[in-house]
């Protein structure tokens, strides 16, 4: 395999930055752009774990929600600048990921669903009425004092670049090579001197941290929200569907997958609100049947090595 | 931090200047050919039933005014037809966020109406404020929304859920009912009512014998009812959403248990739906908060009164309206009055017009009273009992006295 | 308070047996095909609406919803199987691709249900399965619960008989153990899998008939919640082992009812906490073989 170093990663990161800095000047619905970035980040974060270790976190939204709550509670109870609170959200998610570390002992569907259960547990605990004094419980949280769509947009962009940079690093570095060897054959990878467990845990924490940062920024952008807005399973399902659609284990696959399916989702929602769910469902079925390895496979089939 | 703060401040100033410009030009410029009213509805998901009801009510209003040549806009001194631009948010707050923004920034609607309920309204509150749009909020009554003075939020069709149970609590105290069991859903709407009720009862020295929240998704009440019955309550109050009320009442009728008084919320709003699902016999002698059209307001200053609304709506849509249809229609009527009185075609002028109408306007939902925080204080919901009549039940208001149409049958006979 | 405990325990067993029926179809399909039927809950919902239509339009007893569910599963299941499953299995990751595909199918079913039936809640006549209460050890439960439990036990017993006594059942078990080996020994893997797929949908639809009785009502939006709960139950029992589902269902039912009685507001945590704890102690579920790869 030819090593092209860091260049492809830098190109993708710069391109993303340019596109998302220009778009708001061309297209006025900044919420849509913001949410699109959010889903690209989540899809990329999920890809870090699934694409490079084979662990599919069905409950990925749990880290997103944890970040949203950690950030909001920091905003409410400290005088820290919002950016610091968002970073706190990322750290909060990493802490949760450490607690959930033992789940990595599970394999395949068991891991996926145990992770889903963990995210449901977080949701139910946060929204429980007995904890209203701490988490706002069913009443949700309100941080509109710091509401700033522009600043939160730029923060989400920064997180997008970070997530993409990480994916590019995984894709191009020895670390990533080890990861892929591990996914394909953990036993020989271990024999080749790769510390399987340590690497896997590092990826797990990075993936959780990305979701936490995204959740914190998302909460900042919403600024008034109920628990289900940041814990709804729909977020996990979207991230998974987008990632698989784009093609996992690559850098640009998840970006293309999330951006195109999310735009499609909104395009249908705005132009044909009546048949929205039906059309979206039918499209997904058709895509899986006729494009089962994601859109990036269109390129791979033609002999292009997708970054 | 200082930097990011100043950038935010700059953005705010720029935004304000731009919107002031836009508002100014709109005020001075010629009248639009149509008045664009943007709103969202949910065709699927957990809020679909209520949301579609509200949306149909608003559509009914729009069809009515357009037949009469549009709404009268004082700022332009003429009638302008209305056009509703509506998107489907599928009960998802994430989708709703982008769609509200779509309405504001792309469709540039003149008036912004929120979707049903607090959850789908919540995401529009900061967005509307940011874009200096008045958010006309038919039924989003979360206590969190109305914490400060604002020009950009107006709850028009429903009082905050925190005040709903006040008459109910007073009634229980007046009837000297001491053994009260309260079971509520863990969500803003139900939990805030449960807590208000608890506080009202505490003032009268009554402490509930059972007071527990259950998950909003709760659907199995058989074992819960048995646990409640073990505390020997006289009254069981279940505060939920329609699926909860249905599951609760069905479990109650199947369980063979009987209480002197049973209270649920939604028979008073969606009587047809509840009757279809649990049967008239199960509902007989239970209590609820009755809402229009189950209670009538005949003297109105704006729009149709409750009876005429029921007649016209039934004729037009071939089905009798429920509360949410009435709430949607009421939203239109309030906007109509607002446009009739606002001297300028700006969002702030609209908000001032609404505050000016507060306390003077009466519609099919009763009195319209709004605070400068945007909260609705209109009619307090009375307490009513469902009393068998023919194959169904009729609503008998039992409290407060001024509105009462009969006396409660207490204890409820076994049916 | 002793009465309360007994009531919760008996209620939990009954509720748990019914939830075994809710989950078993998902597990059967996963066990045989390694396909994650994310539309499982939507098929349960369709079963509920089928019984509703029979009862409302033809005045039939809702129990006729069970044969209707079987017929529906055949009509929908066979074409669906041949349209998607063999294709999925040829792909690089059938488990995960089936996840997206059936997410799409779930969306389609939910949208069609809203078009066809409206978004409202619907119920079945309260007395159609008996209006009284039946007691065990002095603890009374509505007749409809007992009917639902009886059907669940019969259905699961029937499935057990199918596995243990019939040729097709043996073949199904062989496929569950090792698909390629089964193919090598001359088993018509596609035909046997298609039957298992149809059975999985039929079991889901049959469970749906009782949803209006045990869960109050049926509406197009209940699918996702049922799928998630089913997942919890089959993982607690152990994936791919349909009979483990009964254990999972019982653990879920008992846990939920005991929590409801003593700590009502936390009852929704039960299936998920149990799941996490159990898989951490026994990584392949209560009845699973304790295998783990690296």
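Placed from the backbone N, Cα and C atoms, the Cβ positions cover glycine too.
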Inset, instruction - May I ask you to indicate which of C:6-28, C:121-143 is given in TrEMBL as transmembrane segment? - result: C:6-28
Legend entry - Range among C:96-119, C:168-191 that TrEMBL annotates as transmembrane segment: C:96-119
Legend entry - Residues from the same chain, set at least six apart from the ends of the transmembrane segment (C:144-163), whose C-beta lies under 8 A from its own: 14-15, 17-18, 20-21, 24, 28, 63, 66, 126, 129-130, 134, 169-170, 172-173, 199, 203, 206-207, 209-210, 213-214, 242-243, 245-246
Legend entry - Leading contact stretch, C:35-54, C:66-84, C:96-119, C:192-216 vs the transmembrane segment (C:6-28) - CB distance under 8 Å: C:192-216
Legend entry - Top partner of the transmembrane segment (C:66-84) among C:35-54, C:96-119, C:192-216, C:269-288 - counted as Cβ pairs under 8 Å: C:192-216
Inset, instruction - May I ask whether the transmembrane segment (C:192-216) has at least three C-beta pairs under 8 Å with the transmembrane segment (C:35-54), counting pairs 6 or more apart in sequence? - result: yes
Inset, instruction - May I ask for the residues of the chain that lie six or more residues beyond the transmembrane segment (C:192-216) and have a Cβ under 8 Å from a Cβ within it? - result: 15, 18, 21-22, 24-26, 28-29, 32-33, 35, 37, 40, 43-52, 62-63, 65-66, 68-70, 72-74, 76-78, 80-82, 85, 121-124, 129, 142, 144-145, 147-148, 151-152, 155, 159, 168, 171-172, 175, 222, 226
